[in-house]
Structures are given as structure tokens and as C-alpha cells.
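Visitor: Take a look at this one; I'll ask things after.
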Amino acid sequence: MSQSFPRNDTSSSSEDETDNYRSHIQIPSLDLANYRKQQKSTSKTNLAKAGKKLKNNKSVRFPDSYSPRDTIISNASTTNNSSSDSELEQDMVTGENSNLPNFNFSANQVHSPEYANEDDANDDSGEEEDTFEPPADFYASEGSDEDMEADNEGDNVEDKEEVVNEKEEIADDLHSKSSKTSRESKSFNAGTKNSRRSLNSLQRNETDVTDQLKRTTSTTSSSKRSNSDKRTGFKDILRKFALVDQQYPEAPSNRESEDLGEPQPSRSDTFLGNVLSMAGESGGLVPGATHFSREKTIDEEEEVGFEDEDSDLIEMKKLDFAQLSNEAQNLISTHVPDLANKLPEGTSSDQQLDYSDTSASNLIKNDEETGNEATKKDDEFYTPNPDYFIRGDINNENDADDYLMLDEHMDDIAPPKRVQAGVLSSLLKLYQNPQEQQSSSSLTSKSTYGGNTLADDSNYSYSDPKAASTLDFTKLKNDFKNGPKRMANKIPGRKHGAQKQDTQDESAQKYYDEDGNEIAAPNLPSFHNAKPKAPKKIAAAGKVPSKVHKKLKEHKRQQDQQLRITVHIADILHRQRFIMRMCKALMMFGAPTHRLEEYMTLTSRVLEIDGQFVYFPGCMIVSFGDASTRTSEVHLVRCAQGLNLSKLSDTHRIYKGVIHDILPVDEASTQLEELLKKKNRYSPWLCVFLYGLGSSMVCPFAFNGGWYDVPIAFGVGLCVGYLQFFVSSKSNLYSSVFEVTASIVVTFIARAIGSIHDGEYFCFSAIAQGSLALILPGYIILTGSLELQSRNIVAGSVRMFYAIIYSLFLGFGITLGASLYGWVDSNAISTTKCKNSIKQDEFKILFVPLFSACLGLINQARWRQLPIMIVIACAGYVGTFFAGKHKQFSEVTEFTACIGAFIVGILGNLYSRIGKGMAVAAMLPAIFVQVPSGIASQSTLLAGVESADKLTSSNSTTTDTSTASDSAGSLAFGATMVKVSIGISVGLFASALFVYPFGKKKTGLFSL
């Protein structure tokens, strides 16, 4: 006997459905056994027989109310059913609920919105019996998809009316269809209604799918209707309930179907898709879990797991199981709140209830087991990166990218999510109690020794002062109590038994307070397990019992664990040592100091070391952290900063190899050690000769020296080179006053030679300035300007100020040297302009390549590095020379230096960008050329000669004007150095902006 459900008009029912809507949908369990027995007599049609051939494709009735109406629909659990049919129904229902996360609602298969609106209109009209058509391959005996598409021509509305009229005659328990035509005419205009409202009407008015199929096929067989009429009546029914994602044609096959506007269902418009969308979940739960093909559509109800023998046939892609587990948990809690309330406390996405063998929880479990087995040994030596959860500077690490000039090489290597565990935490793992088998996470929660934290021990002492008292009366009572037993142990015949009993008494020892009441044992931590234990002797394998064999196996596992931890500690120490050696090498060989912190950070990221770096001039503070124990190890890397272009190139090559995982750390450490121990390319005596050659080459083009001044400058330059390479290197005390003493010696000799024949043959200013050109602070100015550009204010300000003070030292030495010779010779010359300078400018530029080559060789550059250095230096000098020829620019030192530095920066950036070389090494000689040229334009290096003349003159009377001029003359050289520094800095900034307008530099100017 069929069950009927009364309903009102469509308009009124839709309003009631909206009012009675509940946000949490409960899907009750269904008892279909009795209902099937009642309908067994009427299910003899061909369509029912075809339905029986399907395996486990039993339909499920969805009630039109959340509360049970009769005994057929019950909220009781399906496990209480006794019949075999009910058990099959139970498996199917629970299987559907458990497999909800495995359905795919692919976003790229969703059709146009007008189709979805038409589906909603059909749902709202209440035509649950005849507005759906089954897919063509749902029943194998019904024909192919091409036949169905060919038979779909005709008036679909009239077919639907005939089907409804026949259902009214046969099924008396169904609802009255008097308003069928009016509701059907309204169905196409209801597309703009709320989808949730249409879903409620669909859920409240659904009947058993199998019942509809049986009664509809019986009417069609009696009236001998065509196959097209039958397929048209059921296609829309089951495509709303089909659990299989079918591929429908994207457009109607003919013009008649286009006129009818037959909607093609999207995967999100199926019944289960609408139910899932009501729970706040968008789309499907497992996108891309199944594959589709137009040639052959698979019945996924059979493949997903409704048959025991075919439970693993679904083809899955790589999924995010944690996210799917959370979605499945939300669905269960939304649709089955009773079951969700029975979940144990602390259930997470990793611990799902085992609903069926094909549920997503099994997939998560299997994936986690395989992943844990593969990475179990590696995970114990890793800790989370403190940059994510302690320091919180991951989002702020690229703030420097706001400045266009900065190198964005930091973005190439992201900070790792996990870093290598520190040395201290690894040592704690090595010496902790192996029997407890606690993981490394126990270091943050519970103490390894004793099982209690220090806070628990301190709380115990405060809560129970009697137990923490220093006067332990319980020991005295126990001595009296156990005294006879201990005396009995001394009997010769009871030695073994007494020892055993004594150990049992000690293990079962009780503690009492002063009143004699028994109290708990004092909760004191034990450190006896922290000592390393000697391995026990292992007997032969054939004579070992099973229990002893297990102990030996456990002992071997512990030994393997200790070996792994020991190797890990050695590896961590090796990596940390490599980082400090790399830092020392970069500082010693003259790497750009403004990049040291970033390069050290990149190296630590690649090596998975938690390292923090802070640079100060002459010192690098290195901190290696241990996130497990919240400790850090701080090192100070201090070294005398020098300049060695060849070794700097080798260090850069080693650094690049480690960064790009081309060179292992062991081999890189060995190469660094060899590089640090390696001798310089050129001997000190050769460098002294190059000093003299460079001094002679700079004299003509920078300080307007004559041909006679070249050999004199060569000899004086040899003296300066000898003082620097031999005297200063052997005496730390003299190295502090090297600049002053060198300037004194050079000025004294130059004034003595220039005074011959009143300066007719030799130029005093050219000889003095040319000999001091190689010790001018050109490199200090370059590094200081780069640090200021990179917003490293501390180091940049210190270097720039040091360059100014260094220049004042030189000026003071020049004044003192000139005064010393003035006291010796009263006829000493004081002119600062040369009479016999080279007039042809074409000859002056020939000395620039030679001076650049001497600078490169003095700084230990390779011969193959000299060509690019010479080209850049010559181009920069040409710009400075012609800028100085202009009348308006001749007196503006900072502008001429800016033009020269701009040209040098452009060529250096282009060389770095095209040739992938070191821009700083190529630019360094060119910057050295710019500094003497800028100083010579003002002739401020000899500004102290006027003060020297006043010191040696007989007139001791001075005025305020002369005092002011003296003070201005003494500071003139420092002011000139400031102007040159500003011009060089601005020129380098502008050149970087010109070559890298978007700020992206892989091996640009400010990288190595």
C-alpha cells in the first residue's frame, strides 16, 4: 500500500517552506524493508525487473519532513534492523553519508546561469515525478545517449502532462494534479526565486524514486508508448538524484530543443549538490577525484564502494586530506547532529570515526601512515622556524624592497618552514631516558627526567611544606622499621633472597609525616638517567631467548638512534662553522659590507640553520638559535678588513655553489680553509714596485705633473709602499700612525726636491699628491656610500665619517712635513701650481689605463680581470675630464665626481647584468681614479702649506682674519672629501636606477 503525503497549493507551500526552514538539515535513517514488501506485489513491470539487475543500486527515499510520519520512515538507527534487506539498506545509507566528501563537483563543468534558474523553477513547481529524466546510461538496456537525443524531439510539456494524468489514475495515494497545467506554466518563470526556497520544496515533496519508476513504467507499458516518451519522463528525475557526474552536451542538439530551453544540469545543481551547498560548503568536496569520458560513462555508484569486491576502483588524484577531513566533519555535524554529538572529545581531522571502508578517514589514515614512516627519521631532527612563530618577521623581511636600489636576491630563497634542530636539543635527546621513548616535543611540555615539570615540583614544595622540610623524620622511622630485616640479610644463607627482598622494600617504601600519617612520596626529579650507559655484552644469536632478543633489538635501536643524533650534531656544528668561515672570508677579502647580513641570511636558509646576523664595521655578530630549548649561541667574527679581488672572486664562486646546491658543505668548507690559508698572488716586494709605478702614473693626469715629475714620484711612491707593506704589517703600533707618518715623509721629500732651482724642473704639489694618491680613502668612501644607500645607517655613517677624519690626518701630515722642511731651508718653495705640466691632453689619458692596472694588481686581481677594470676606469675619467673643462662645473667638485661615478656605475651594472661578473671588483679601480681627480680639482691636499709658511715665517703677529683662514685651510681637505663622497654616492645611485628601473638585480651592482 502506497503512502500519500498531503500538500497545499504551490504558492502557499513555498511560503510555509520558507518559514519552516532550518539551517541544520538532519538526514534520518530510513527503514525501507517493510515498504519494499508492501510494494512487492505491484513491482512486476519490465522497468522493475531491470532495476533488480543493478547491484546495490537501491533507492533512498527522502521524506518531506524532518520528523517521522509513520513506521516506514524512522529516526532509529539502521543497526536495529533484523532483516538482511534492511542491513543492505543500512550499508547503502551509511555508505552514502560517509562517501559524501568523495563526490566531485567540478567548477569547469558548471553550465550557464540560465540553466540553473530553470532547474530551480522546475523544483519550485513541485513536479518531482515528471520533471526529471534519467541519464541514458543509467540503465544499460535502455539504449545509448544518441538514441535518447534523437527521441527527445517533440512537445515535452504535453508528454509531462500525459505522464501526470496516468499517474493520477493508477496511484491513488499521490497528490491531486488539478493545478498541473497552471503550475507547469509558472515553472519557466520562477527561475529568479531563491535556490534555497526551491531546495526546501524539493526536499518536502520527494517520494521514493523506485516507486515512481515502477508506476511510470507500468503506465507506459499498458499504453504502449514510445521509448522517447518513457525516457523523457524519467531523465529529469534521476539526473537530479544521480550520484554519477554525467557529461551532458553543453548545448541542445537541435533547434526544437533550443526553443524549449531544456536545461543541462550542472554538478552543483544535483540534489546532493544542493544539500551540500545548504551546509555552507561551495562546490564539491573532492575536486578532480574522478575522471570522465564521453565514450563510456562509468556508473560510479558501483565504483565508489557500494560493492565489497570493487571497493578500491575509484581513481583518485593527489588530494589535501586534512582539508577534506575537516569538510567531512562539518558535513557530519551539520546533517547528522546526533552522530556528531557522540564523537569523543578531542576528535580532530586526523581522528575520524570509521564509518565505512571507503570513507575519507581511511584515506587520511593511510596517507599519514605512509608519510610518517618515510619522514619519521628526518622529522626528529627538525624544528619549526622561529621566524614564523617567535620573531614574526617573515612578512617584514622584504621591507627593503621598497627601496628601488636594493637587491631583490632575498626573494629567490624563501625562509624554510623547518630548520635543523640545535645542538643543545640534540644533546638532550641523546642523553634522555631511552625507556620512556619521549619525542622531542616533550621538551616543551614535560620534563624528560621524572615526568614532571619544574613548575610542578615548585608547586609541590609550596603546597606541602612538611614534605619539603629539611628534617626528614620518615627516614629515621623507616630505619627502625626495616632494621630487623636488614640484620637478617647479613645471614650467609639468605644473601640472595635478602637482597631481592631489600630491593622490593625500597621500591615499596612509604613516607609518613610527623603525626604518623602516610603521605605521598616526595616528587623530586631524577637525573640518574641522564648519564650515558655503557652497552651490554650481546650473547650469541642462537642462544638468546625471545625476551632477551627483544631487549637486544631495543638496545640496537637505541644505539642507532644515538648514532643518528651524534651525526646530526656533527652536521649542525659543521654547518655553523662553515657560515662563520664564509663570513670571515667575505670580510677579509673586501666584500661589500652592506650585503654581508643578507648573504649570511641566505646561506643559513639554504643550510636550514636558524641564524641571525648583525654587522658593525670590523665585526659581525652571529647568533645560532635553538627553537626547541629557546636558547641561542652567539659568536663574534672579527677580522682586519682588507681587499683581495682574486680571493673575493673565489669566495663568491663558493658562495654561489652552496646557494644553488651545486657544492656540498663539506667540500665548500675545505675550499674555504684552503682559500684562507692560501698566500697572496703577488709578493710584497712586487706590490711595493707597483706602488711606485702607480704613483708615477697618477701624477700627470690627476695633478698636472710634468715628465720630470714621473720618476721622482716613482721613487717617493716606493717609500710609501715600503712603509705600508713592511713596516706597518710588522708593527701594530706603527699601523695606527701610518697615514700621518707617510704624509710627513712624502711632503718633506717632495718639498725638498721641488725647491731645486725654485721649482723650474720639478713640481712640488704633483710629487706630493701623486705619492699619497694610493693611500687616499677611495675604498672607504665607496663602501660607506653603498651602506648609506642600503639604509645601513650605522655602518655607513661610521665609514663616511672615518673617511673624513682619515683625510684630516693626511692634511695634518702634509702641513707638518712642509713645516719641517721650512725650518731646515728658509728658501723652500711654497707654490702649489706646476710650471712644466704636460700640455697635451691626449697624452694624459694614456696614463689612466696604466694607473688602473697598477691598482688592480696591488689589490691582488687576476690578469683576466684587468681589461674590464681598465675600460670602466677610462670611461669614468673621460666624463670627469670633460665636465671639469666646463666653466660652470670646474669649481663644483661634487658635480664632476657625480658625472664620473654615474658613468662608472652604468658600465659596472651592465657588466654585471650581461657578463654575470662582480660589479664591485670591476668598479673599484674606477672609483680610485675618481677620488684623486676630484681632490686635484680643488688642490686642497696642499692647503696646509700656507699654514706651514706662517709657522716658519719670522712675522709672529696674526689677526683674526688670518686665524680664520688658517682654520679654514686645515679643514679644507676634509670638506673636499665630503664633496667627493656625496658626488660618488649620488652618481652610483642614479646609475643603478638607470640600469635597473624595476629594481630587479640578480648579480647587480650591489651584489658580489
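Cβ coordinates are placed from backbone N, Cα and C, and glycine is handled just like the others.
Annotations for this protein, taken from Swiss-Prot, read as follows:
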type: COMPBIAS; residues: 70-85; note: compositional bias 'Low complexity'
type: COMPBIAS; residues: 95-111; note: compositional bias 'Polar residues'
type: COMPBIAS; residues: 116-132; note: compositional bias 'Acidic residues'
type: COMPBIAS; residues: 143-161; note: compositional bias 'Acidic residues'
type: COMPBIAS; residues: 162-186; note: compositional bias 'Basic and acidic residues'
type: COMPBIAS; residues: 188-204; note: compositional bias 'Polar residues'
type: COMPBIAS; residues: 205-214; note: compositional bias 'Basic and acidic residues'
type: COMPBIAS; residues: 215-225; note: compositional bias 'Low complexity'
type: COMPBIAS; residues: 226-239; note: compositional bias 'Basic and acidic residues'
type: COMPBIAS; residues: 346-364; note: compositional bias 'Polar residues'
type: COMPBIAS; residues: 483-498; note: compositional bias 'Basic residues'
type: REGION; residues: 1-273; note: region 'Disordered'
type: REGION; residues: 342-384; note: region 'Disordered'
type: REGION; residues: 477-506; note: region 'Disordered'
type: TRANSMEM; residues: 683-703; note: transmembrane segment
type: TRANSMEM; residues: 707-727; note: transmembrane segment
type: TRANSMEM; residues: 736-756; note: transmembrane segment
type: TRANSMEM; residues: 762-782; note: transmembrane segment
type: TRANSMEM; residues: 800-820; note: transmembrane segment
type: TRANSMEM; residues: 838-858; note: transmembrane segment
type: TRANSMEM; residues: 866-886; note: transmembrane segment
type: TRANSMEM; residues: 892-912; note: transmembrane segment
type: TRANSMEM; residues: 917-937; note: transmembrane segment
type: TRANSMEM; residues: 978-998; note: transmembrane segment
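Help me see these features in their spatial surroundings.
Guide: Non-local neighbours of the transmembrane segment (683-703) in the same chain are 709-711, 713-718, 720-722, 724-726, 729, 763, 765-767, 769-771, 773-774, 834, 837-838, 843-845, 847-848, 850-851, 854-855, 857-858, 877, 929, 932-933, 936; each lies 6+ residues outside the stretch with a CB under 8 Å from one of its CB atoms.
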Visitor: Are the transmembrane segment (736-756) and the transmembrane segment (800-820) close enough that 3 or more Cβ pairs fall under 8 Å, when only pairs 6 or more apart in sequence count?
Guide: yes
Visitor: I'm a bit unsure how to read this: which one of 736-756, 762-782, 866-886, 978-998 has the highest number of Cβ pairs shorter than 8 Å with the transmembrane segment (707-727)?
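Guide: Most contacts with the transmembrane segment (707-727): 762-782.
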Visitor: Same-chain Cβ contacts of the transmembrane segment (978-998) under 8 Å, 6 or more residues past its ends?
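Guide: Counting only partners 6 or more residues beyond its ends, the transmembrane segment (978-998) has Cβ contacts under 8 Å with 404-405, 781-782, 784-786, 788-789, 800, 803-804, 893-906, 908-910, 913, 927, 930-931, 934-935, 1004-1006.
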Visitor: Cβ under 8 Å, sequence separation of at least 6 from the ends of the transmembrane segment (866-886): give me the contacting residues as numbers and ranges.
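Guide: Counting only partners 6 or more residues beyond its ends, the transmembrane segment (866-886) has Cβ contacts under 8 Å with 701, 841, 844-845, 848-849, 851-853, 855-857, 895-897, 899-904, 907-908, 911, 915, 917, 921-926, 928-930, 933-934, 937.
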Visitor: Six or more residues beyond either end and a Cβ under 8 Å away: which residues meet both conditions relative to the transmembrane segment (736-756)?
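Guide: The answer is 712, 716, 719-720, 723-724, 727-728, 762-765, 767-768, 771-772, 775, 806, 809-814, 816-818, 820-822, 825, 827-829.
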